[in-house]
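Structure first, then comments.
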Amino acid sequence: MHTMTTLLKKMNEQEKLVMLTAYDYPSAKLAESAGVDLILVGDSLGMVVLGYDSTIPVTMEDMLHHSKAVRRGAQHTFVVVDMPFASYHGDFDRTLQAASRLFQEGRADAIKLEGAGDVLQTIERLTQVGMPCVAHLGLTPQSVGVLEGYKVQGKSLEAAETLLQDSLAAERAGAKMLVLECVPHQLAKRIAEELTIPVIGIGAGADVDGQVLVYHDVLKYGVDRLPKFVQAYADLNEVATDAIRSYVEETKNGHFPQERHTFTMDESLLDSLYGGK
């Protein structure tokens, strides 16, 4: 069973941390059996499994539904759950109630919040009441409208300095971990060197403390285009499509089901069912 203590021990021993998204029982079960260190129940589920064009429509009920399923499939893995869009801005009591549900009902080990500024104050307050938080900086999908699309962040001197300072502020606020998304690898390396908490990269190069990728991207399952930073380790699109096509063809041509797929009963019972001959 991984805890923040065991994860920090791995980091301090220079062992890379591996995080993978999972959105349901079977994906979580496979991820745990494969040996990932952390599972992220990301609001990316909105696009990957619910068919939305962004993470914005994802609700708290969506996150709870999927996090419960993931925990049932991965009972011994550290699970981080995203706070969905607009659930942690404004009134803190409302934020606290939402966060509490992810821990109590969703059985999260930590929750992830995107952004800096007021978000870091929220992280600090949640940490003070005993709720472990993960910060998410760089490309933050919930703010993609403000960021003018899915672009690499921190490429200018001013943007890089802001990102570095925000990362340091996230650690000071009490964040237990930082996810850096779509950041130049040189900047990500500098940030990882400055922080004492694990820095998990996605599109942030190799010189951070660990990596996170989306389950469906790693398996090329149900996705058409992969981001530049993704390495697919299988092509389940092809495998699954071929398998389903075979099922369709064999059903239509009468090759399925065969005798080995069927059940039998005593013919005399069948006769009795119809009142005999």
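Just so it is clear, glycine is given a Cβ too, placed from its N, Cα and C backbone atoms.
Feature annotations, courtesy of Swiss-Prot:
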BINDING   ASP43, ASP82, GLU114  Mg(2+) binding site
BINDING   ASP43, SER44, ASP82, LYS112  3-methyl-2-oxobutanoate binding site
ACT_SITE  GLU181  active site, proton acceptor
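For the recorded Mg(2+) site, residues ASP43, ASP82, GLU114 set the reference point as the centre of their Cβ atoms, and the other residues of that chain within 8 Å of it by Cβ are GLY42, SER44, THR55, VAL58, MET83, PRO84, PHE85, LYS112, LEU113, HIS136, PRO141, GLN142.
DSSP assigns SER44 (3-methyl-2-oxobutanoate binding site) to coil in the three-state reduction, outside any helix or strand.
In three-state terms derived from DSSP, GLU114 (Mg(2+) binding site) belongs to an extended strand segment. Looking only at the recorded positions ASP82, GLU181, the densest Cβ neighbourhood within 10 Å occurs at ASP82. GLU181 (active site, proton acceptor) carries a strand DSSP state (E or B).
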